[in-house]
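Now, the feature entries from TrEMBL:
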COILED    155-186  coiled coil
COILED    344-404  coiled coil
COMPBIAS  435-445  compositional bias 'Polar residues'
DOMAIN    1-264  domain 'F-BAR'
DOMAIN    337-414  domain 'REM-1'
DOMAIN    483-544  domain 'SH3'
REGION    295-316  region 'Disordered'
REGION    422-467  region 'Disordered'
């Protein structure tokens with residue numbers, strides 16, 4: 001169907017319709033533009049979300065990402081960054097391929113529409129001018145005909161009147177003939193104007209207007225095709241990123257499937273293993289018969305009437321465990337405040353770190369040495385003496401690092417070499433405490449739970465052994481001395497610098513006056529004035545036979 005033939009008389013409606021078409025196109029452009037803004041904002045929010053949950057550098061969070069579940073989460077965050085990037089691609093492609101292109105096309109469309117309707121109005125004005133000319137010619141012909149008719153009637157009247165002179169009659173006749181001649185001329189002009197108008201009108205409605213309306217129709221159809229193509233592009237832009245988005249999702253799935261719960265459990269063991277053994281069984285105390293303990297000849301303690309005494313006085317029993325208070329100061333350099341396994345790991349990390357630093361310094365030294373050789377061979381390239389100062393500085397740094405590494409390697413070898421040969425597999429793996437220059441003993445597996453059932457260990461603080469002074473003063477000074485029930489040999493050196501404890505040296509033999517009741521501490525005596533508690537794992541106890549029987 002052609003608008004030129006079917007809609008020849010709908011010029012105004014076509015003008016309104018084509019303007020509506022441009023409005024639809026501009027509305028679609030606005031829709032795509034808002035979609036691109038949503039995409040770019042969504043991508044920005046995704047990137048911010050990923051950044052928010054990324055582990056902070058040099059923080060505790062970095063250590064957490066050794067677990068496979070956390071590594072999978074980190075992979076998810078990285079993939080979300082790529083996922084966000086695809087939404088940015090969608091926004092950019094829609095802006096360049098749809099919004100910008102359609103915006104240019106709309107401007108061209110407006111110009112073309114304006115031109116076509118200008119031609120249409122010009123054609124309409126021309127046919128209206130022709131019509132006005134026809135009407136003017138017609139009215140003039142009509143007027144001349146009426147004038148000729150009146151002149152003829154006047155002549156006939158004058159000719160019939162006998163009282164009128166011949167001259168008047170002749171004058172009336174000539175006037176009538178003149179009017180008839182004018183009417184004939186008007187008729188000829190009217191006829192010519194009519195023919196010309198009919199020709200112009202035929203051309204207008206069968207040639208000019210159809211051609212103009214056909215161009216308008218083609219313009220409108222191109223607009224419709226263009227908006228359809230833009231909608232296809234709209235879908236295609238999304239479709240192009242689907243494979244990459246799918247790959248991102250596949251990577252997230254792959255990361256989730258890589259989570260290994262057994263591996264994570266093993267890492268927990270490696271992170272928190274102390275190296276201590278669980279405490280042994282608690283001996284049964286039979287209170288139905290008097291407890292008699294024979295005082296050893298070598299014992300320096302005095303027991304009045306062999307009176308048995310409880311391990312702790314009722315006043316101090318609840319407060320003794322495990323002599324803990326928080327130490328807000330930093331840990332010792334040799335990590336002796338840590339459990340054996342953790343200490344070994346820390347020392348190993350420190351040794352590895354120092355070795356990396358040494359290698360780095362050596363690489364710099366080698367590079368400078370080569371540079372110096374080049375300067376010596378080619379003095380024009382630089383002064384060899386200028387490198388000597390830097391080489392001397394590197395030599396000093398290397399010496400310091402080597403000494404530091406030897407120190408930590410010595411501590412590491414000491415920890416790994418002082419493992420007991422007895423059946424203590426956990427200690428063979430990690431070694432025992434090396435309490436040098438420290439007042440702290442970590443509250444770990446050796447200490448077990450406190451009487452209220454809670455742990456007191458914190459990652460950034462060490463737990464310091466402390467005995468309330470008034471409790472032990474009463475027990476040691478005011479109560480009767482406990483009898484000796486055996487001897488013990490110190491397996492390791494223990495710096496008992498906290499109240500209620502006693503210092504022992506490796507290999508030293510002492511007297512046992514109270515055995516471990518399950519809390520990990522044994523009470524010993526050196527002489528009449530020196531007695532206190534030491535960790536049971538630091539000594540090898542030999543109870544006398546009668547003490548064992550009791």
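From the backbone N, Cα and C atoms, a Cβ is placed for every residue, glycine too.
Here the coiled coil (155-186) has long-range neighbours at 137, 140-141, 143-145, 147-148, meaning same-chain residues at least 6 beyond its ends whose C-beta is under 8 angstroms from one of its own.
This prediction places the mean pLDDT of the coiled coil (344-404) at 85.
DSSP places the residues of the domain 'SH3' (483-544) in helix, strand and coil in these numbers: 3 helix, 32 strand, 27 coil.
In terms of DSSP secondary structure, the domain 'REM-1' (337-414) contains 71 helix, 0 strand, 7 coil.
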